[in-house]
Amino acid sequence: MYEGIVQDLIDELGRLPGVGPKSAQRIAFHLLSADPVDVRRLAQVLVEVKERVRFCSVCGNVAEEETCRICRDPRRDPSVLCVVEESKDVVAIERTREFRGRYHVLGGAISPIEGIGPDELRIRELMTRLADGAVTEVILATDPNLEGEATATYLTRLLKPMGLRVTRLASGLPVGGDLEYADEVTLGRAFEGRRAVDD
Amino acid sequence: MHVVRLSLHDFRSYAEAEVALEPGVTSFVGRNGQGKTNLVEAVDYIARLSSHRVSSDAPLVRHGADQAVVRAAVVRDGREALLEIEINPGRSNRARINRAPLPRAREMLGLVRTVLFSPEDLTLVKGDPSDRRRFLDDLLVLRAPRYAGVRADYDRVLRQRNALLKNARDRGGRRGPDEHFDSTLEVWNQQLATLGAELLTARLVLVDDLGPLVGRAYEAVAQTKNWASRDDANLEYRASFELPETRDRVVVRDALLAELERRKADEVQRGVSLVGPHRDELYLGLGPLPVKGYASHGESWSFALALRLASYDLLRSEGDDPILILDDVFAELDTERRERLAELVAGAEQVLVTAAVAADVPAALRGRRVDVVDGKVAARAD
């Protein structure tokens, strides 16, 4: 145990995801020996991020204004909507530069163990968004695990009757990988989702 | 297959141990608490990535250490491979084959196959249905490692669904059921039925294949002049709902779905999932009577041995000879059963025996003797 405030700092850092007690201690001592200007800047950013960043009123992505950059961008295709669990999924998909539609961030996946049901997710907002008929295709890009699949199934049942085209991201073999190293579940999915080769 | 070298690092009572092994029979002899079982437990762990003695990994790590390492040089189809597993309680384990790391430790399942006999086997006969379900599922995973994933996913879906049902029950009294409850439950029903049907049909096929082998093994073990034990040993898979006479996964899934729908009110009231492979039972019978409650202690033991012997026969018929481990079983058996078990397993490619007293081990299984005293392992040159 360290004296007072040093221990407080270690405890606070240790609460962050992915930071264990040893890392927390290392970061704390790094900060202690760092230039006060750098530390002040970090503190400033931490305070500002909490004050300035909010969630886009349309899609739920992180934003600095009322709506996010993607929702404001007139060049985005308004007829395709990609539904994801978290803001970081938006960033991942944006990196591909393949998708030109807009997003809807649910804020998680259905998981009764954690007390997350449809009401805890931004599903009502999604339905409101779809009401005007501008969107014709919804891409379900929830995680390919049990909770993500459950959420996708739930949404499919909700959206299909509205006459929308509902698609799910394919899951299967990683690009650049070796078939022989694929695990049996992935390989099984890849078989299920196989497609005809065009001439 | 057989293990030629086993080395342990901070595993159970061993800080460091190195044991050379050979095909054929090896018996580890030493007084209780010297570390015999720890050696064979390590071999079994390499095969199943879990222990027959404890349900969590923490006790496998030597007191005061934070990880244990088990290495086994294994000969399969005439080729030697070095398998390593690093046991990290609370974090994920890491596995390597010939020094190359595997993406997930689970992928090592099925490379080594073991059949282990232990004093705890009596619970297969006398214990709860869950003991018998675990027996089936463990064997299923050795047969087709893919089922380790199906089993884990099923357990997770079950926990999710139970949480949902429990929530609905708890709030049912006060605010009335959640407006989304029905549609959310349907989603979990779908998942439970799909994974459940996969597990269930695999178990059904396993019981189909295992049944005749158990009958034969029981006859071989229990063969006495006593008229009462002339009855056939039989197995029957009893599902928690009326199962169509089929092994077709889709038909089973639809039947399971329909049953979930039918029992819904009941499930909501009790706040728990009442239908599915987690509620099924493997019935064990001798002639027309169930073993549980009717069989004598000796007959129960014979049945437990028959289940293990049949597992061995099944695995052997589908691939490499599994490694047989007989952990402290001879002390539990009478002389006749000891002798017969010894005769039945003596021909296996590799048999590892542990015993507190060398005289308990039948002559047919004496083999090479290794003394285990106070955590020191020494082959006896005789």
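Just so you know, glycine gets a Cβ as well, placed from its N, Cα and C.
Here's what TrEMBL has on this protein:
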type	residues	note
DOMAIN	B:3-356	domain 'RecF/RecN/SMC N-terminal'
BINDING	B:G30, B:R31, B:N32, B:G33, B:Q34, B:G35, B:K36, B:T37	ATP binding site
Subject >> Sparsest-packed among the binding-site residues, when each Cβ's other Cβ atoms within 10 Å are tallied, from B:R31, B:K36 >> reply: B:R31
Original post:
Near B:G33 (ATP binding site), how many other Cβ atoms are within 10 Å of its Cβ?
Top reply: 11
Original post:
Got a sec? Which of these binding-site residues, B:N32, B:Q34, B:T37, has the most Cβ atoms within 10 Å?
Top reply: B:T37
Original post:
Can you check what DSSP calls B:N32 (ATP binding site), collapsed to helix, strand or coil?
Top reply: coil
Original post:
With every protein chain in view, how many other Cβ atoms are within 10 Å of the Cβ of B:G35 (ATP binding site)?
Top reply: 22
Original post:
Counting only residues 6+ apart in the same chain, whose Cβ is under 8 Å from the Cβ of B:G30 (ATP binding site)?
Top reply: B:K36, B:A356, B:D371, B:V372, B:V373
**OP:** Determine which residues of the same chain, besides B:G30, B:R31, B:N32, B:G33, B:Q34, B:G35, B:K36, B:T37, have their CB within 8 A of the center of the CB atoms at the recorded ATP site, and list them by sequence.
**Re:** B:T354, B:A356, B:V372
